[in-house]
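Listed in TrEMBL:
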type    : residues               : note
DOMAIN  : 6-121                  : domain 'Tetrahydrofolate dehydrogenase/cyclohydrolase catalytic'
DOMAIN  : 140-280                : domain 'Tetrahydrofolate dehydrogenase/cyclohydrolase NAD(P)-binding'
BINDING : Gly166, Arg167, Ser168 : NADP(+) binding site
Amino acid sequence: MSATLIDGKAIAAETRAEVARDVEAFTARTGHRPGLATVLVGEDPASAIYVGGKQKASREVGIEPFDHRLPADAPAVEVEALLERLNADDAVSGILCQLPVPGHLDGVALTGMIDPDKDVDGLTPLSAGRLALGLPGLRPCTPAGVMVLLERAGVDLRGAGAVVVGRSNLFGKPMAQLLLGADATVTTAHSRTRDLPGVCRTADVLIVAVGRDRMVKADWVKPGAVVIDVGMNRSEDGLHGDVAFDEVSEVASAITPVPGGVGPMTIAMLLRNTLAAAELQIARRVPA
Ligand code: NAP
């Protein structure tokens, strides 16, 4: 392997330690402890594990976790009433509605109810609009985590050609906006893109979030490119990314592994967003 490994696990641990220090300073300064409310509807085991991980990570950095669980058949009005209560609760800095929600509920509509200044997932229409307009706001955790990885790896984005493969609301679109905000020249590719390998080969920075096991091969990558692999594909022989790591790491100058690359950054950025949200609540309470 000739590429430098971008160690997401180590960078996420540093980020969490920074957040823990900043939470302590915030609490000393304001007398207020940041709080993260998670809302889980139903008993989906994977979602329960994710929520449990977020609660534990919060506690570790001094953020108060508030765990709200509703039965799978909870009517929409009950979930909406809970979100309204959390929006109004001063002890709650950030709110996260774990997706997917059961079929009778509208996950997009529920997420859209969250106060944008408490939207620690950065997924409400208002947060997306703020990002698109280049206004301050809470950014989606995984693309924000990729920006931290690129920064820590010393990647100069100004004027660089960046290709994002994938255009989901959760990752691809906000990723492209963040790169644009950092003065990269951005191309977004997707399932209808013509000559995808050729488009990828133009990239100085190639970011792949597709959900297809080891799709990106060595001859899709410009020699010396930085490659960020967001994909998480579970198979019988373990967890793999969207990039064929063994061969691409012979061509790229730097690359994230799977696991241990982008994945650990997501929760770290959720913690950082919760602290940022707590700062927003305090600023709102202080009369101008
Ligand atoms: P998604 O909503 O399913 O979106 C996938 C995107 O990939 C779509 O835009 C789709 O194009 C595109 N695509 C699908 N097949 C393609 C192909 N053959 N060639 C080119 N583009 C193709 O998925 P997502 O939520 O963005 O997640 C993508 C991957 O990232 C998944 O593996 C997911 O597990 C992972 N992920 C990881 C984290 C983390 O914390 N590490 C966070 C989020 C996501 P169309 O729009 O044309 O259909």
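Each Cβ is built from the backbone N, Cα and C atoms, and glycine gets one as well.
Neighbours of Arg167 (NADP(+) binding site), defined as other CB atoms within 10 A of its CB across all chains, total 18.
Neighbour counts of Cβ atoms within 10 Å were compared for the binding-site residues Gly166, Ser168, and the top value is held by Gly166.
Classification of Gly166 (NADP(+) binding site) by DSSP places it in coil, neither helical nor stranded. Each residue in the domain 'Tetrahydrofolate dehydrogenase/cyclohydrolase NAD(P)-binding' (140-280) gets a DSSP state, and the totals come to 53 helix, 28 strand, 60 coil. Other residues of the chain with a Cβ within 8 Å of the Cβ centroid of Gly166, Arg167, Ser168, the NADP(+) site, are Val164, Val165, Asn169, Leu170, Phe171, Gly172, Lys173, Thr188, His190, Ala209, Val210. Taking the domain 'Tetrahydrofolate dehydrogenase/cyclohydrolase NAD(P)-binding' (140-280) as a whole, pLDDT averages 98 in the prediction. In the domain 'Tetrahydrofolate dehydrogenase/cyclohydrolase catalytic' (6-121), the DSSP tally of helix, strand and coil residues is 61 helix, 19 strand, 36 coil.
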